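First comes the structure, then the notes that go with it.
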Amino acid sequence: MRRNGDGEEVVAKRRRRIKELVQVALRGGCLAASATAMAVMLTATEEGVADIYGFKLTLSSNWSFSPSYQYVVGACTGTVLYSLFQLCLGVYRLLTGSPITPSRFQAWLCFTSDQLFGYLMMSAGSAGSGVTNLNKTGIRHTPLPDFCKTLSSFCNHVALSLLLVFLSFIFLASSSFFTVLVLSTP
């Protein structure tokens, strides 16, 4: 016959494992989103010809021409490395049966790191969005047109990359939330 305390212990252990599986899944999602964002941004290059007042102007665009896009690639690189490390550590601990966050210190470290990389991704996405908006709308006080009419593939690559950067931020914020749940449990 089972005592009530044993049943509660089994349920608590099962809940902890589900939370840990969700944490590992969030790490995997962040890794996939940030790696894909980086790959899409690195392939953002195109050449075209724009017609400005009857003059043919050759346009060439590459992600490396903009410091904001370079910042996006750098932020994605750091986040990929961090997420890969956390994912490998989480999978290892799941397979060995030990808790993913064995101490409060490590939980605080994960929380701080998730916040740091989350804000890094948000700032990179915001910086890239400003340049993308300028490319899409053109410069209003000069007669320069928007470049996205001529370089639509480049603009689509950049927009998809920035969408994935913001998705990576959501994964990091969710992972940070689960770490707060671990910290709030006595």
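Each residue's number is its place along the chain shown, starting with 1.
Glycine too: its Cβ is placed from the backbone N, Cα and C atoms.
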Answer with yes or no whether Swiss-Prot records E9 and A50 within the same membrane-side topological domain. no
For the topological domain 'Cytoplasmic' (92-115), how many residues does DSSP put in helix, in strand and in coil? 17 helix, 0 strand, 7 coil
Going through 71-91, 116-132, 162-182 one by one, which has the most CB pairs that fall under 8 Å from the transmembrane segment (24-44)? 71-91
Rounded to the nearest angstrom, how far is the Cα of N135 (N-linked glycosylation site) from the Cα of N62 (N-linked glycosylation site)? 12
DSSP-assigned states of the topological domain 'Extracellular' (45-70) in counts, ordered helix, strand, coil: 7 helix, 16 strand, 3 coil
